[in-house]
């Protein structure tokens, strides 16, 4: 039996569109959100793909407000509140709630080496202090910490902790997560590693959070529909499309470089400007040329323009 959970489906880790002077590009937020909603996907702002760690408080506040204004009625809106300062994350959560955000996600603080006991207490303190539900976000690529699933499972029984977004590249971890939470109505599992999107949904994960959905959301909606219809072959075909486009902007690049490349492709689709927040920087002109050449030579690139 499939359990339909409140926090589920295709959630897109939205980029933060910027102007030339590093302010929020409000018009692009509206364009992006329209594209998400037209493809039955939901936005998650101020996460890793959204350059949340590099943004000023003023840009974050502006994005929270604009996201609330652009939110489609009756949908769930996600936002990141990660910080190395507990009090700051609490304040972000309060502001997010005031702006119409429904649920927030947070990573482990990553400056000081922490014990599992300290990490557990941190999530517990945060969940106790904020006015909206919390999703735990595991991403060792940036925090250099892998959250033990047994610890997450203990935290999952906190009344204000409602899910896990797991971006760790570990197949066995996915299998264990499904065993823990597939039948839990009150706790959701989101796969943040796009290469395992179809596999996760087929196994019973509640949702996926793929960055390629910023310019190709239709891929993931078709993937989800195929799985609902029992069409495994179609779901795997959509996974191949996801892998192909992901490799165009991620292949051979660091995480930060890939965010610039992602914005370049989004600019090509008329969604936002290719501006990243320092310390991230644009790559040389030759990189730009090769990136766009590879993208535009693909027959699949038409899907991006159609979905946008």
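The backbone N, Cα and C atoms fix where each Cβ goes, and this holds for glycine too.
Annotated active site, proton donor/acceptor per TrEMBL: 137, in sequence order. What TrEMBL records for 165 is active site, schiff-base intermediate with substrate. The pyruvate binding site annotation in TrEMBL covers 49, 209.
Overlay of TrEMBL annotations on the structure.
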| residue | record | Cβ contacts under 8 Å, 6 or more apart |
| --- | --- | --- |
| 49 | pyruvate binding site | 13, 14, 15, 211, 214, 259, 262 |
| 137 | active site, proton donor/acceptor | 47, 80, 82, 105, 106, 107, 164, 165, 167, 192 |
| 209 | pyruvate binding site | 11, 12, 13, 44, 165, 167, 190, 191, 192 |
DSSP state at the residue listed as 'active site, schiff-base intermediate with substrate', helix/strand/coil: strand
Assigned conformation of residue 137 (active site, proton donor/acceptor) - DSSP reduced to three states: strand
DSSP three-state assignment for residue 49 (pyruvate binding site): coil
